[in-house]
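First comes the structure, then the notes that go with it.
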């Protein structure tokens with residue numbers, strides 16, 4: 001006779017889920033920016049130093065939004081059919097708008113995106129999926145950690161631009177402030193939905209944020 005215990009069934013479920021995750025991952029392509037809208041949101045650089053500063057800002061912000069999209073994609077691959085699915089989808093939809101905006105800004109201003117997008121494609125999805133496998137609390141803990149890091153990064157950019165010339169960078173500041181507010185909303189949503197209940201919350205948060213800081217650093221330069 002054939003004996004098929006519950007543990008074997010769960011193992012098959014886990015294997016099937018991993019296969020689905022990888023199929024979903026490698027079928028994803030970066031979103032393309034629209035060429036019909038004008039998004040020249042920063043002034044013509046006065047010199048090479050200002051040009052490099054502005055390009056770094058847009059490059060790293062685009063990379064951050066791209067990574068955030070891949071994280072939410074990973075979470076949805078695991079929890080999309082759960083009760084948390086609609087909430088995660090709502091936050092992901094906002095991130096899609098952020099990414100679309102930065103895709104357009106890159107194109108219109110001829111800014112080179114980071115060469116690390118293929119890495120962030122895989123790493124972002126893996127982070128989102130792996131934390132979501134811990135349940136809703138794991139996904140929300142990841143959201144809190146990532147969105148807090150992005151918000152702090154946006155705040156540092158806002159301070160730097162305000163110190164230089166707030167009138168000159170008005171449009172860029174408006175975009176960054178709007179997206180910063182959205183990220184903080186996602187951060188607060190994560191806390192409201194039991195992020196801190198996942199085992200090892202503070203360790204997980206610190207590790208994820210360390211990774212975010214490293215990603216920000218290298219995406220500005222490569």
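Just so you know, glycine gets a Cβ as well, placed from its N, Cα and C.
What TrEMBL says about this protein:
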type    : residues          : note
BINDING : 65, 95, 98, 183   : Fe cation 1 binding site
BINDING : 95, 147, 183, 186 : Fe cation 2 binding site
Could you tell me the C-alpha distance between residue 65 (Fe cation 1 binding site) and residue 186 (Fe cation 2 binding site) in angstrom, no decimals?
13
Rounded to the nearest Å - Cα separation of residue 95 (Fe cation 1 binding site) and residue 186 (Fe cation 2 binding site):
10
May I ask for the distance between residue 98 (Fe cation 1 binding site) and residue 147 (Fe cation 2 binding site), taken between their Cα atoms and rounded to an integer number of Å?
13
Inter-residue C-alpha distance, residue 183 (Fe cation 1 binding site) and residue 147 (Fe cation 2 binding site) (nearest angstrom):
5
Cβ packing number for residue 65 (Fe cation 1 binding site), 10 Å threshold
23
Which residues, same chain and not among 65, 95, 98, 183, have a CB within 8 angstroms of the centroid of the CB atoms at the recorded Fe cation 1 site?
64, 68, 69, 94, 97, 99, 150, 179, 182
